[in-house]
Structure formats: C-alpha cells, structure tokens
Amino acid sequence: MMRGADQLHSVVAVTFLLLASIAAAFDPSPLQDFCVSIDDPKLGVFVNGKFCKDPMQANADDFTFRGLNLPGNTSNPVGSNVTLVNVDRLKGLNTLGISLARIDYAPYGGLNPPHTHPRATEILVVVKGTLHVGFVTSNPPKLFTKTLHVGDVFVFPIGLIHFQLNVANSNAIAFAGLSSQNPGTITIVNAVFGSDPTINPDVLTKAFQVDKNLVDYLQKQFWTEN
C-alpha cells in the first residue's frame, strides 16, 4: 500500500504532467489579421504565414534586401515615411518572427502618427535628429513619453498605441525592429475615420462627444497611410 508521502508525490507528478501537456497545447500566434478555415485544402490560398520554399531551392537572395540606405519620401500630409522590410519584401523572414523598418521624418513636425502593431513589440533607435516619442497603456490610459537623441533607444510594447514626432529643424531618421515577420499597422485616425465602409457617424459622434458635422467632415478627408 502506498504511504501518504508517496501518494502526495504521485499526485504532484501527475498534476505536473497534466499542466505540462496543457501548456504545450497552445494556439500559434496569428501572422495576419485573420485566417478563415476551409474544408477543402485545394481552395486554400494562405497558411498562418507563408508557404515554405523547398530548402534545396533556397539561395542567398532569399535572405537579402537592399535599399534601407535610401531616404523615404516625406512629402505627404504627416511628413514621414516608413520603409518596412517584412516577409513580403524579404522572403527569408518567414517563420523567424522578426522584421525591420526605416522611418524618415521631415524637419520640425514630421510625424509617425498614433498607431499600433497588433502582432509585434517595436524597439526603435534614433540615428539622426531628435524625436519626441511615446505610447499609451490600456485602460486606464497612461502616457509614457521621452525625447530621444542620436543613439537613444525606446521600446513600444506590443499592441499599444504609439507615435514619434520630429522636434528638430532638420530631417530625422530612425530604425525599428519588430517582433513579427508581419507586424501589421493600424493607424488610429485612418481606422476610425477612413475605414471602408465608413463607421456609422452616430457611433463616432457618441464616442467622441462631438457634433455630427465634425464627424462627417473628418470622414471625408484623405488620410495618409504610412
């Protein structure tokens, strides 16, 4: 017959094994906004990520991207440009969980407007100029901001609204690493006022507590995608 201590050890061991098996049975992180299931795989066009090339057919070009030395065009209403190197532009990133971006900012006022990356944390380093950056937490919202100079690094946690503003009288450049091959970007003003089809104005009037005419005006604007 099993003694009390032995029984306890057995219960602990079994419990640990059950917990370990549950912990191992997790859903994979999404690599796009959604992935609708189908019954016939012949009709499928996407997997969660990208289809893989035969490793024997891979070559160095699959792991190479050229062009981040070139400045982006900041002649747009927000005065910034993001050059993103994700899995769509660098095929070798597939399944590696990382991507890279160069952000160019026009002199004083160049803005990478408030946005989120639903699938990635972002780490940003300033290589030229001075940036005012920040992010807002989930409710209750708290703002974290900092003025960054050349060589300074700042982290924007996954999914949180964040921004960068050039506060110097010269161009600014930053590079950002993101913890997904396809981080996704939701620019807040675009999503709220520029969606297709548009959000019912009554929803936005109530949410923002403003006059409906203002909502109508904002929904008619051309919002820059960055």
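Yeah, the Cβs are placed from backbone N, Cα and C, and that goes for glycine too.
The Mn(2+) binding site annotation in TrEMBL covers H115, H117, E122, H162. Within 10 Å of the C-beta of H117 (Mn(2+) binding site) we count 24 further C-beta atoms, all protein chains included.
Marked as disulfide bond by TrEMBL: C35-C52. Within the same chain, residues at least 6 positions away in sequence whose Cβ sits under 8 Å from that of C52 (disulfide bond) are N94, T95.
For the domain 'Cupin type-1' (66-216), the model's pLDDT averages out at 96. Feature annotation from TrEMBL assigns domain 'Cupin type-1' to 66-216.
Residues or ranges marked as signal peptide by TrEMBL: 1-25.
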- prompt: Ranking the recorded positions C35, H115, H162 by other Cβ atoms within 10 Å, which is at the bottom?
  reply: C35
Message: Can you give me the residues near the recorded Mn(2+) site, meaning same chain, not H115, H117, E122, H162 themselves, Cβ no more than 8 Å from the center of the site's Cβ atoms?
response: T116, A120, F135, F156, L160, I161, P183, T185
